[in-house]
């Protein structure tokens, strides 16, 4: 059951852009105001009025019950499996290319086809929750993975691979959106999402390592890796179904429709909110950069840095390991200095490391740079989810975060495919400028978020109903004034 913030019974219709606190204090302040200049005074007033009784922290704790703990640990396992699935493709690309005797462009279809699955997941996530609840996600996602892994394991003709990978993408997209929305509304969301996405990074670390070792050391064919994935996905089906069995559609509807005055918050309504699209584009670019690097590092190291096959496989392991450590470690830093400032710093460092990775022609240096690149890229996804929960009303969270996470997951298909298609004629060196351009793009997207760089800026932006891009526009005006004065 999602733990989004519950508005009081007198909440206005779903379409309101006011925060939960704004709604609670509407009887105490001017109704035309969207936020208070003195939040502390509002909090004090709420505790002294009979019309708006004090409200306890509505956010769920991950360990408040055995069921919650079991569910959280199950999502950790699911994200580990998701990471193994996504990252192993990059390590296996050179061997799939050789096995089927196909070009970069054709082999890149295994990245592109899951985008359709992710897009379907983005559009249907809210419907699945409404009709089947979280248990629907827990059942459908592992079954979709199994429906993809079993055909891959029997190594069919190549044209079948992109088709079955669509099913894997749909399963991944549903879980990606559902578990991010659920955990993003918990207490200590930065830390918990850091652990969740750290689990993805852990899977992405061991997946290529296992796949590479099976091919290069054990002499097994590339598709033998999917025998392992079939067993892990079957175990996931048992675990997720057991953990979320009671989180049915009826439970979900009872909670959220009651919170919204009997009305359902639809995906169409949420898509009218600019922040939803801003976060979706940010995650699209971020995931695209992450998976483009993870998917093409091995090929880049083999063809450009002239590395040995096993060492090239280890390099992508270093990248995913750095990503994992960064998500866990920096998750405890991000919330303490503020998401807006923290991610700005991480992205600027990532741009610098990407330039070094591109321009320094040394295998050892490249392995070091790409490891630290993974470290600073790691916390971007969790921080974006937390930012969305702080900027959007509670009744938007499942739909908005679900859509943004699933839509963003499409970056795992679009950009790696683009790298492969362009590399066919220009060489795999195109990986670096493409990733660099993506990093600059998502940095600009991040700066367009409401709120300043100080800690608590996102919350204040929501209270003041600040528009997307307001700070950027104000910065341009300031620069223009300064330039005008100097002239």
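Here the Cβ of each residue, glycine as well, is placed from N, Cα and C on the backbone.
Annotated compositional bias 'Low complexity' per TrEMBL: 1-16, in sequence order.
Residues or ranges marked as domain 'Major facilitator superfamily (MFS) profile' in TrEMBL: 71-453.
What TrEMBL records for 1-64 is region 'Disordered'.
If you look up TrEMBL, you'll see 76-96 (among others) marked as transmembrane segment.
Outside the transmembrane segment (102-123), and at least 6 residues removed from its termini, the chain residues within Cβ reach (under 8 Å) are 89, 93, 96, 144, 158, 161-163, 165-174, 176-177, 267, 291, 295, 402-403, 405-407, 409-410, 412-414, 416-417, 419-421, 423-424, 428. According to TrEMBL, the transmembrane segment annotation covers 102-123 (among others).
Residues 82, 85-86, 96, 100, 102, 106, 109-110, 112-122, 124-125, 128, 137, 140-145, 147-149, 151-152, 405-406, 409, 413 of the same chain lie 6+ residues outside the transmembrane segment (158-174) yet bring a C-beta within less than 8 angstroms of a C-beta in it. The transmembrane segment annotation in TrEMBL covers 158-174 (among others).
According to TrEMBL, the transmembrane segment annotation covers 195-218 (among others).
The transmembrane segment annotation in TrEMBL covers 224-254 (among others).
Long-range contacts of the transmembrane segment (275-298) within the same chain, counting only residues at least 6 positions beyond its ends with a Cβ under 8 Å from a Cβ of the stretch, are 86-87, 89-91, 93-94, 111, 204, 208, 212, 312-313, 315-316, 319-320, 323, 370, 373-374, 377, 380-381, 384, 387-388, 391-392, 396, 400-401, 403-405, 407-412, 414-416, 419-420, 423, 428, 431, 434-435, 438-439, 441-442, 445-446, 448-450, 468. Residues or ranges marked as transmembrane segment by TrEMBL: 275-298 (among others).
Per TrEMBL, the feature transmembrane segment maps to 310-329 (among others).
Annotation comment: TrEMBL describes 341-360 (among others) as transmembrane segment. Within the same chain, residues 330, 333-334, 366, 369-370, 372-373, 376-377, 379-380, 383-384, 432-433, 435-436, 439-440, 442-443, 446-447, 453-455 sit at least 6 positions outside the transmembrane segment (341-360) and bring their C-beta atoms closer than 8 Å to a C-beta of that stretch.
Feature annotation from TrEMBL assigns transmembrane segment to 366-388 (among others). Here the transmembrane segment (366-388) has Cβ contacts under 8 Å with residues 180-181, 184, 189-190, 193-194, 196-198, 201, 275-276, 279, 282-283, 286-287, 289-290, 293, 297, 301, 305, 314-315, 318-327, 330-331, 333-335, 339-340, 342-343, 346-347, 349-350, 353-354, 356-357, 360, 397, 400-401, 404-405, 408, 442, 449, 458 of the same chain, all six or more residues outside its ends.
TrEMBL lists 400-423 (among others) with the feature transmembrane segment.
As annotated by TrEMBL, transmembrane segment applies to 429-449 (among others).
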Same-chain residues near the transmembrane segment (76-96), Cβ under 8 Å, at least 6 residues beyond its ends: 102, 107, 110-111, 141, 145, 161, 168, 172, 175-176, 179, 195-197, 199-208, 210-212, 215, 222, 225, 229, 232-233, 236, 239-240, 291, 294-299, 302, 309, 313, 316, 320, 412, 416
Intrachain residues whose Cβ lies under 8 Å of the transmembrane segment (429-449), provided they are six or more past its termini: 275, 278, 281-282, 285-286, 288-289, 292-293, 296, 300, 304, 340, 343-344, 347-348, 350-351, 354-355, 357-358, 380, 387, 391, 415, 418-419, 422-423, 458, 461, 468-469, 471-472
Positions whose Cβ lies under 8 angstroms from the transmembrane segment (400-423), at least six residues beyond its ends: 86, 90, 104-105, 107-109, 111-116, 118-119, 121-123, 125-126, 129, 169, 172-174, 176-178, 180-181, 184, 267, 270-271, 273, 275-276, 279-280, 282-292, 295-296, 299, 381, 384-385, 388-389, 392, 429-431, 434, 438
Cβ contacts under 8 Å made by the transmembrane segment (195-218) with residues that lie 6+ beyond its boundaries: 75-77, 79-88, 90-92, 95, 179-180, 183, 224-225, 228, 294, 298, 309-310, 313-314, 316-317, 320-321, 323-328, 331, 374, 378-379, 381-382
Predicted model, mean pLDDT over the domain 'Major facilitator superfamily (MFS) profile' (71-453): 88
